[in-house]
Amino acid sequence: MSLTVELFDLPAHQFRVFWGASGSMWQSLWDRFLDFTGDNPLALWTVGSYVYTSLVYWSIGLAYTLLDVTGRPAALRRYKVQPGTNEPVDPARLRTVIRQVLFNQFCTGLPMLFLMYYLLPGQTRDTIRQLPTFVTVVWQLAVCILIEEVMFYYSHRLLHDGRIYRYIHKRHHEWTAPIAITAMYAHPVENVLSNLLPIAVGVWTTGCHISVAWLWFTLAISNTLHVHSGYHLPLLPSPEQHDFHHLKFNQCYGVLGVLDWLHGTSEMFHRSKQAKRDYIMTSLEPVRETHPDQ
């Protein structure tokens, strides 16, 4: 073998060694987790997914809610997207949101998980035990992201149709300056059509492993909480587009912004000051100070 071939093969070889060791580590951790919880596919996909997604939603959501209620740490108020709103959040409105979200999670989310399980290819203890490869995880997540973008954009835009808006989607838009846990503050029909189905269809389409599904649920839930939070914090997803949607109603319907660009439903946003702030911050300087209103 020539020296050139050896030099080019060295990084690939090192990556294979690293991934092999890393894969063994994750498989060992997964086996220990299943030894603790049990490896019944029905229980994991339904009750397990319900508990897991609820923990993700409320751990992130309550962290933001404590900030909204207490205003502490005060330094984080510099990162408000709409300064002066929800400072502090109204307790009565907050209780209404919490009740609706809990109702949606139990009465629409849990049945959807059962439906998801029964529409997936046959699940066995052996398939639950074996983690997928890195390449499989990447392409399945990519498919889930693309499907969500398409389904969320068109279902969300449908809900803004004047003939049905006041009956369903108006509830979510009671908050023109949203807070994190309003992500699932919605009419149950909207919760199924626009929140749950866009996430679930990617799982059905790919037939992915439950670990990939949980990773996908984590990404989707954490993202919607961050973009509804009302805070543009360092290293977290930018909430500017979706916050602008709550402010203006007829702009920025999507998640990635691709279909908004294609359909021209983000033109007003791109002419706004908020568009200049629409990026992931890598410094501690708030975007409103980097790009002030005046």
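Placement of Cβ uses the backbone N, Cα and C atoms for every residue, glycine included.
What TrEMBL records for 42-67 (among others) is transmembrane segment. Residues 73, 76, 89, 94, 101, 105, 109-110, 113-114, 116-117, 120, 123, 128, 179-181, 183-184, 210, 213-214, 217-218, 221-222, 225-226, 229, 231 of the same chain, all 6+ positions outside the transmembrane segment (42-67), place their C-beta atoms under 8 angstroms from a C-beta of that stretch.
The transmembrane segment annotation in TrEMBL covers 101-120 (among others). The list of residues near the transmembrane segment (101-120) in space but at least 6 beyond its ends in sequence, with Cβ under 8 angstroms from a Cβ of it, reads 41-42, 45-46, 49-50, 53-54, 57, 181, 184-186, 188, 191-192, 195-197, 200, 203-204, 207.
Per TrEMBL, the feature transmembrane segment maps to 132-154 (among others).
Sequence annotations record features per position, and here TrEMBL assigns domain 'Fatty acid hydroxylase' to 142-265.
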Report, as numbers and ranges, which residues of the same chain sit near the transmembrane segment (132-154): CB under 8 Å and 6 or more residues beyond its ends. 19, 23, 194, 197-199, 201-203, 205-206, 208-209, 211-212, 215-216, 219-220, 253-256, 258-260
DSSP puts the residues of the domain 'Fatty acid hydroxylase' (142-265) at 85 helix, 1 strand, 38 coil
